[in-house]
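> Dropping a structure here in structure tokens format, bear with me for questions.
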Amino acid sequence: MERIKELRNLMSQSRTREILTKTTVDHMAIIKKYTSGRQEKNPSLRMKWMMAMKYPITADKRITEMVPERNEQGQTLWSKMSDAGSDRVMVSPLAVTWWNRNGPMTSTVHYPKVYKTYFEKVERLKHGTFGPVHFRNQVKIRRRVDINPGHADLSAKEAQDVIMEVVFPNEVGARILTSESQLTITKEKKEELQDCKISPLMVAYMLERELVRKTRFLPVAGGTSSVYIEVLHLTQGTCWEQMYTPGGEVRNDDVDQSLIIAARNIVRRAAVSADPLASLLEMCHSTQIGGTRMVDILRQNPTEEQAVDICKAAMGLRISSSFSFGGFTFKRTSGSSIKREEELLTGNLQTLKIRVHDGYEEFTMVGKRATAILRKATRRLVQLIVSGRDEQSVAEAIIVAMVFSQEDCMIKAVRGDLNFVNRANQRLNPMHQLLRHFQKDAKVLFQNWGIEHIDNVMGMIGVLPDMTPSTEMSMRGIRVSKMGVDEYSSTERVVVSIDRFLRVRDQRGNVLLSPEEVSETQGTEKLTITYSSSMMWEINGPESVLVNTYQWIIRNWETVKIQWSQNPTMLYNKMEFEPFQSLVPKAIRGQYSGFVRTLFQQMRDVLGTFDTTQIIKLLPFAAAPPKQSRMQFSSLTVNVRGSGMRILVRGNSPAFNYNKTTKRLTILGKDAGTLIEDPDEGTSGVESAVLRGFLILGKEDRRYGPALSINELSNLAKGEKANVLIGQGDVVLVMKRKRDSSILTDSQTATKRIRMAIN
């Protein structure tokens, strides 16, 4: 107060005012502070001071020919004085106004293309909706977020090559554009930016924004996708938040979201197959997300999520060194431990073999809706500070930490037997057994934990076993905080190994991830996910299995056909027919298979009975282990649409309908593709059609006139002879039989005779 009075007193004297406004600053330290180095020390003051001058801007000398000396109001636009230390002229801000209004017009066609990210942002904001502002305490935690909506996912190096190729195509320097995305983008941008007059440097900057993911470590409460982050300053403050719905989606957010869904589906499916790792790799390599190969996305996309990281580990990519337990990401911040096996008894006297962490360690735990700091010693929780969105989220974090602590009172709180299994019906490991048990019901765990009196610490309160907050008492070692715990900020990636059962370990052998950690949450992907692998056909239910199986046969018909005739057993064992078996009633699978295999064998033996449509229709039924029986079927049942539907052995049905004229196959009304019938069917002139009712006499005999086509044969009278053109352009002499004999003997002798006649 005294100082202020003194200052006021000084300011009232005219001499003080004069000293402050008129005298020069000659103190060396001050001069040094403001003149050393190139860095501007007070940019906003400098700007204000410059703009108060008459000619604060410098411009190229050519400006004097392009801009008049005075504008319509008679104000001077540029000074005849040169800028000190350069050959530029001094210009008034009014010259900029004149230029904007009267300067030369250039084509604006490239602006929306170059400044695409800005134009799109304006559109999103225009169509976005801002809701009410709420005042409340914001629990923000720092997370690594994507700050640049609408980008591709190229690495900095890949983007640099693309930019050089697009903007400076004639510059020297080795540029290798390898990835598909690089080539597509380069081609697209070169076309878009033909004759572009915007400065190359600007184009390069803008391209970088479009191609590379930029991340920052920012305090966030709420949505973390890039379309929310771009308005972070509008949606959350220290004590307020504003509701906001983005006015558009961007591909990078959609890719992230769809990648997580695809990875979860693939890990869940692989976990139940005979060889999880091989299956997972097969699925990753054959899946596309929004038209891009999933493996390409995995190589470029930095999303950290359990399933995504398992897929990356399988591909030999580096991942974050943090580990996952109970849906929380744990990062050790200090301490160390060694691991040793111990056998512990549960409250139900069941023995659990557990890897105990021996030593003092501190961790941060970050989940979707709660975060915590955990300090633990050997089998003892020392302290847990939790913060979360709501009571439920806080409870989830507490359960995970209590199980992770491996404390005796937690193990003794188990009631009943632990026999949880994973999707493949294998028992879970002991730690996950405990976790599942208490996630189902944590009442006994919380009651047995013990409570303690607490000191009053700013920003922290206690929590009782029934999850009510308290300022006097709390569960032992556990406090709830208003402040969130920041996510682990480092982007460091480590080399990991993965075993056959998809357990991911770091180089010290610690398990970082396993399929048990993959969330069961189902979502709808924003981009189309195309799983080409037959293992994923089941994901959309029985109908999709039916359609996909037949589509696969049609797409691969050329190879299937050869295998069908030469190596049927190998064909029947193809994994693509596995999903189909779940549609066939279990009791009759074997009989169907035996029946179809016998039918096929007859087709192979009896030339001329080959029937493409029928083979395609019945092939999936032959994949089950066959039972020998004398049963014949006129229709086969498949379980789709909640009931049995019939597929007719001969003829069409809703489940399998082939239109001979359009050559289209429809399965349950869905198009399954075009069938290219074999030339050896119908009337196209190969052995099979020759055989029925004709006797082959030998090589061509000119006396019987020119060779007829197979269609013309039908006009022959019984006993009449003719030359006929068969399949491979060979001509043989045939005679129409005098009586209709068995097709079978005809066919067999015919093949032998054709061979003899041709040779």
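Here the Cβ of each residue, glycine as well, is placed from N, Cα and C on the backbone.
Found this in Swiss-Prot, in case it helps:
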type	residues	note
MOTIF	736-739	motif 'Nuclear localization signal'
SITE	K627	site 'Mammalian adaptation'
> Non-local Cβ contacts of K627 (site 'Mammalian adaptation') (under 8 Å, 6 or more apart, same chain)?
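G590, Q591, S593, G594 - these are the non-local Cβ neighbours of K627 (site 'Mammalian adaptation'), listed in sequence order.
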> Based on DSSP, name the secondary structure state of K627 (site 'Mammalian adaptation'): helix, strand or coil.
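Going by the DSSP assignment, K627 (site 'Mammalian adaptation') belongs to neither helix nor strand, so it counts as coil.
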> Can you give me the average pLDDT across the motif 'Nuclear localization signal' (736-739), rounded to a whole number?
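Here the mean pLDDT over the motif 'Nuclear localization signal' (736-739) amounts to 71.
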